[in-house]
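Below is one structure, written out as structure tokens, with a few remarks after it.
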Amino acid sequence: MKRQAKIKIQNALVDLMADYPFQEISTKMICAYCNINRSTFYDHYKDKYDLLDTINSNHKEKFDHLLCLLHDNFDNIKKDKFKLYKFFIIIAKYIERNEQFFKDILVTYPMKSLFIDYIDSARDYYQQIITDYSTKVTNKSLFVTYIIGGQAGVFVNWLSNGCQESPEEVADILLLNTIKLQK
């Protein structure tokens, strides 16, 4: 029952963020939206900021895990581009499954600090990949900034348009761009 309440509360915030900037959402609104009393809310979270941090931390942890897998398997990925394609599909499917949250923080009422957290994480892993694996890149920082900017732009555009393309189509675009950069 406690787990169900937490999920209900988290879903309520994500749903409300589609219609209201985070700053305008109150604990009272969250509780009313998911039909729980405030004491139940405070059993799980200190305040709305703690709630948002919990939701974001869960997503960020999964994102970091995927980036870590990319790093750890990069030798295999360099040999087989299909593995990179599968990585992009996994990321796109994850974003699609959690479309409302990512649309809320990146498109509807952008939350710059959360966006920067994801960008910083990707930059750190990508720079580590370039450092750890034999690549021909000379200006790592500029190259990584370019790659991440393009990938972030694709995902933001995809979310802005309601994820009309399939995750596979998004992965195709990301893969083609990555292959072009290697030539």
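Cβ from N, Cα, C; glycine included.
Residues 2, 5-6, 8-9, 11-13, 15-16, 20, 51, 54 of the same chain lie 6 or more positions beyond the ends of the DNA-binding region (26-45) yet place their CB under 8 Å from a CB of it. Residues or ranges marked as DNA-binding region in TrEMBL: 26-45.
Across the domain 'HTH tetR-type' (3-63), the prediction's mean pLDDT works out to 97. Here TrEMBL flags 3-63 as domain 'HTH tetR-type'.
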Residue counts (helix, strand, coil, in that order) that DSSP gives for the domain 'HTH tetR-type' (3-63): 49 helix, 0 strand, 12 coil
